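Below you'll find the structure, written out as structure tokens, and then a few comments.
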């Protein structure tokens, strides 16, 4: 071929490609179906803040097909109304804007001036009230509400002075015919400490049928916030009489006011911890519990300790559940909206957090913003709100999510869509609106359309704060597609964007060949140019379209690109356009009818590349008469349809070239597959898993020969390497993905000719996640598109399993800070008298380090840390100050700390002991730091149910919240005293007191009392029944009633724990104090209390080092009953027995006496406590984990690792059993991880049920380590900060050293691929702390005669000095002769001092 012909062909190729690129630009120029050139703009006077709030209003006749009454309600809160209202300036206005007349008319919601009382005194101020700051409409009603949250009401003091209370007010109207005022906070509850600053109307919402009006008042009660539910048709007096609440005293209505639906409901005041929470900042209505009745979601952006909270209530303000944010200061709940995003018919909740900042960004970005999309769904009530999607903003300071609105189904695909406003986003910070489309799985990952302020008009100035207000979901122009309204209050402009009809196109293109092969020898076509015979094939393309509001016919621009993978050297061309592989055409389709085009394509005479498939690409788009420039405004232009761009608009199909294979043109290859690899692979090894593959063809050519390997999901494909000296067979592979069922496909020749081989090796590496199988199961296959000879396929498939070798070594170490310390007990106080932490004793920090010293990862391990929090007789010993500080991949269960609410040292609380010791390098890795006294918090999105029974998939379900606590009588009396001081004008100390209360945690938030009626016998059996009395709170968070709880147990006595704490079984262990001992576990009852002081923890005895062995001789128990002891006894006293007895039987009422003997000290200290128990010992060996009949005594050995099994029931007659069954999560059985997934009866090893304590009662802290690797950064650390109670140490050992230790027991619970290990892997480590009292200072003794002699000498010297002074006349008094000095007045420089 000549050079000119080659040049012409390349030019012919270049021109169509350019046309194709221009076509693609035209397709994306106007975005999707929110049309920009046809927008409608409304303006008002400058600085009126026109567009601050907007709401689409359907009106009485505004349904699809009749748009005469569909309008847009726009608020302008600084609009000057002095022409309409006498004596009022900038009261604000509300406008009704219509597409029909292109104008906005002022709606006379409030046309009167300031109100006056009977004495003609002005009682309110409407100037600057910001009417129009909030507007809302009913979805299926003609009700409209407009609010003025800065409206001021004046209440009169006894001295006739004005009070200025910004109570706020709202106005309602049905279709703008009559207007009524609703001001729920205009009462006698003046002052910001009550409802004087409530700013009612800061937010408002109307349910779908217009039967309920919701008004938010975020300023009530020190800005805790409040929400009202009001019947909109009721008429209310100007102000309720006396101190009655809103909704009483003269309410007039045409309905029965005794019915609940005609009454006013509101949330009540909460505890001071919820001050400045702003409940009522935003709200939206919807069915959030599936009862087909609309509820209301209320924003509380500063609630939940500043992370934000959404309170979801029913129409009568009964709480359903709450949702808490994740990040402090993100303003979670600033904006709210609902939309059926996944198309399941349920309302999904959209939550805006415009102040969200990514803490991991390194670019200094802040206020990026975030939107949370919570999908309502799930098979059970607990999983209704467990699906969450997050969409983050894109630019710093953009405040993505400041405005939200539903769009309905804007593109006609059956899924709800929504818009997100970012009013400070964009190239110049003028604002951007993002459009998101729904799908069956939730919102699409990326916005379907982005509308920037700079795209709106033909040049500057562009509007600012574009997207500050949004409204959508209604069809404004009558084409059945909902439209979008956007407010830009800084520019006093509002825009309405119309939606274009969407055509859903179904299209396909394919070659007319079932085998997808074309033979070069089949030359059935002839070229016109040179009459050559060429191989050819038929290409068929079909289209059809459907959709709403579409014309009967549509024109489409279509194009084809042949051999798309080889644009520079194409091999396939159109027969009608010889030498061209690109074709453009315009077609006309009829609505709902399928239209097909057939084109004959041919191949070149000589094809060098026979391996690359021949691929065709077909594209289509609607033909448009509109110019491509989107900046030109075409306001009155007809909205042309647009294709659904969520569908595939590029169609593809491919065929392969077939070689000649004999006279029958049928090739029968014979592929042989051989694979070699290891039998066992070490998990965690740095070397990859290598698989060597050898494929040979011993018969005819194999077309599209391929190798398939189904890989386990836990392995990742790394690389493929060809082997052998001759690499004449190219190999290309597509990596395994979930979409192709984790199948690696390698093309090994097209064709793989006879006698050729493919020899290569594949490298695989494990992923970070771990499967549940103990081996890697592989399936290999080699095949081709042409079938082999029957009977020869047996060597084409291989199945093989590669075992997984897991090698781990759990190691635990620890240190004490300090490990030795001198103390002086006189410098400290009793714990009951202490007020701050350093009053009770010296601080000690125990740090544990958990490592893995072998290559395989430990997927999960449990660590139990036992610390002696009190002696066996109940004296506090080691006082826990904080939640454990953790570093690495470890989490610890919450444990009660600082139970006496001592004032903690802030520096010590904030200090990271792990970082100080070099365990971690970044303070962000530290967790567990808390300064509260009895609880810990987090910043994660969770849902709190009004009635719950545990945890659901990481979503907390609780039955009470801080924001709904009812005021106690003491708090009510405090409020009354504050009101008195406020009225007298002296309330400064009230403000300080409230501020201090707001930052303190309450000691006790709720209590649970459990009563049991039991019938028991001497064997300890019984059938107890219990009623758990839940508390009921009144307010905006929870309205719960009593909860019935019934449980049964095989014990006659057991403890019931609070429902929100980890359930643990409490036992009093009477164990030995020496090298071996015997004790029978006994259970007892108690009252459970949540928050504040709580001693409900697992008890037992702990070896206290030298205290146990060197300084304590005995522990005596005096029994009012019988005792038999074949071993040695202590003394001859009847009823006494020694604690280290090997066996014995005891019963009755006991008193415990502790006796200590120390050199140089004579004395006895007694502790008394009463415990009823009865039992008979059996046998138990700690280190071999064996049991014998009866209950569980303990044999202990010094310095030996300890672990125990689960507290299984052993119901032998005459013995105790501590297991129980319960109908809820609250019971006496300790929570544990269950590895018995397949229902096996074998119980896993449990090391936490019976603490290895021997001489003290222990508190057990459970921690879970995950993914413990071998790298330096994989180690896990736990630091426990406590203080030793000096007074208790003095009682135990007043002048000798005292050794106290904590013990950590680690147990591997989960290994990768294996699960729970068959043999227990338990490691222990004990940290010792030695405390020694300071030695007493013995003063030097002075002889008595020296003292007497010194006293006599001093007396003589004193008498001599007196005598000398007397002789000198010191004791004689001489008065002055001149008395003039005494008559001078005492002026001191001031008039009037003469009378002093």
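Note: Cβ is positioned from N, Cα and C throughout, glycine not excepted.
Per Swiss-Prot, these features apply:
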{"type": "COMPBIAS", "residues": "997-1006", "note": "compositional bias 'Polar residues'"}
{"type": "COMPBIAS", "residues": "1007-1021", "note": "compositional bias 'Low complexity'"}
{"type": "COMPBIAS", "residues": "1060-1071", "note": "compositional bias 'Low complexity'"}
{"type": "COMPBIAS", "residues": "1082-1099", "note": "compositional bias 'Polar residues'"}
{"type": "COMPBIAS", "residues": "1162-1182", "note": "compositional bias 'Low complexity'"}
{"type": "COMPBIAS", "residues": "1217-1226", "note": "compositional bias 'Low complexity'"}
{"type": "CARBOHYD", "residues": "69", "note": "N-linked glycosylation site"}
{"type": "CARBOHYD", "residues": "209", "note": "N-linked glycosylation site"}
{"type": "CARBOHYD", "residues": "322", "note": "N-linked glycosylation site"}
{"type": "CARBOHYD", "residues": "584", "note": "N-linked glycosylation site"}
{"type": "CARBOHYD", "residues": "598", "note": "N-linked glycosylation site"}
{"type": "CARBOHYD", "residues": "741", "note": "N-linked glycosylation site"}
{"type": "CARBOHYD", "residues": "783", "note": "N-linked glycosylation site"}
{"type": "CARBOHYD", "residues": "833", "note": "N-linked glycosylation site"}
{"type": "CARBOHYD", "residues": "959", "note": "N-linked glycosylation site"}
{"type": "CARBOHYD", "residues": "1005", "note": "N-linked glycosylation site"}
{"type": "CARBOHYD", "residues": "1299", "note": "N-linked glycosylation site"}
{"type": "CARBOHYD", "residues": "1307", "note": "N-linked glycosylation site"}
{"type": "REGION", "residues": "960-1107", "note": "region 'Disordered'"}
{"type": "REGION", "residues": "1159-1246", "note": "region 'Disordered'"}
{"type": "REGION", "residues": "1377-1396", "note": "region 'Disordered'"}
{"type": "REPEAT", "residues": "117-174", "note": "repeat 'FG-GAP 2'"}
{"type": "SIGNAL", "residues": "1-31", "note": "signal peptide"}
{"type": "TOPO_DOM", "residues": "1367-1396", "note": "topological domain 'Cytoplasmic'"}
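Structural mapping of features recorded in Swiss-Prot.
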residue : record                      : DSSP (3 states)
69      : N-linked glycosylation site : coil
209     : N-linked glycosylation site : coil
322     : N-linked glycosylation site : strand
584     : N-linked glycosylation site : strand
598     : N-linked glycosylation site : strand
741     : N-linked glycosylation site : coil
783     : N-linked glycosylation site : strand
833     : N-linked glycosylation site : helix
1299    : N-linked glycosylation site : strand
1307    : N-linked glycosylation site : strand
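Annotation: 783 carries the greatest number of neighbouring Cβ atoms among the glycosylation sites 741, 783 [cut-off 10 Å, Cβ to Cβ].
When Cα-Cα distances from residue 1299 (N-linked glycosylation site) are compared across the glycosylation sites 598, 783, 833, the shortest belongs to 833. Sorting the repeat 'FG-GAP 2' (117-174) by DSSP state (H, G, I as helix; E, B as strand; all else coil) yields 0 helix, 24 strand, 34 coil.
The glycosylation sites recorded for this entry are 209, 322, 584, 741, 783, and the Cα of 322 lies nearest to that of residue 833 (N-linked glycosylation site).
Regional average pLDDT for the repeat 'FG-GAP 2' (117-174) in the model is 87. Residue 783 (N-linked glycosylation site) sits 18 Å from residue 741 (N-linked glycosylation site), taking the Cα positions as reference. Taking Cβ-Cβ distances under 8 Å and a sequence gap of 6 or more within the same chain, the neighbours of residue 598 (N-linked glycosylation site) are 538, 539, 540. Other C-beta atoms found within 10 angstroms of the C-beta of residue 1307 (N-linked glycosylation site) number 23, with every protein chain shown included.
Between residue 322 (N-linked glycosylation site) and residue 209 (N-linked glycosylation site), the C-alpha separation comes to 25 Å. Reported as a whole number, the C-alpha separation between residue 209 (N-linked glycosylation site) and residue 741 (N-linked glycosylation site) equals 49 Å. Taking CA atoms as the reference points, residue 69 (N-linked glycosylation site) and residue 584 (N-linked glycosylation site) are 46 Å apart. The most crowded of the glycosylation sites listed here (209, 322, 584, 833, 1299) is 322, judged by how many other CB atoms sit within 10 Å of its own CB. For residue 69 (N-linked glycosylation site), the Cβ neighbour count at a 10 Å cut-off comes to 17, with all displayed protein chains included. Residue pair residue 741 (N-linked glycosylation site) / residue 584 (N-linked glycosylation site) shows a Cα separation of 38 Å. Between the CA atoms of residue 584 (N-linked glycosylation site) and residue 1307 (N-linked glycosylation site) there is a gap of 70 Å, rounded to the nearest whole number.
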